[in-house]
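Below is one structure, written out as structure tokens; comments come after it.
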Amino acid sequence: MTEFLFCFSCCIGEQPQPKRRRRIDRSMIGEPMNFVHTAHVGSGDTNAGFAMGGSFQDQMKSKGGYTPGISEVAL
């Protein structure tokens, strides 16, 4: 019986431990690079944007790369 276990122990190696991510603290984070402020969204701004006919969505479309979830044709 020990020969049987010996055969398998030679073929199966130890599994490598998954690498742990380093914990990030504040000293590792720098200033934002290439940051462009496009709009401010506060707690009341989102509701006001929908009431004004989607002006917020129009602003975002003008920035490029914006694909709304519902097409304008469906509205």
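The backbone N, Cα and C atoms fix where each Cβ goes, and this holds for glycine too.
In Swiss-Prot this protein carries:
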DOMAIN    29-42  domain 'CRIB'
LIPID     Cys10  S-palmitoyl cysteine
LIPID     Cys11  S-palmitoyl cysteine
Within the domain 'CRIB' (29-42), how many residues are helix, strand or coil going by DSSP?
0 helix, 0 strand, 14 coil
Would you kindly list the residues that approach the domain 'CRIB' (29-42) from elsewhere in its chain, counting only those six or more residues past its ends and only Cβ-Cβ distances under 8 Å?
56, 59-60, 63
What average pLDDT does the predicted model assign to the domain 'CRIB' (29-42)?
83
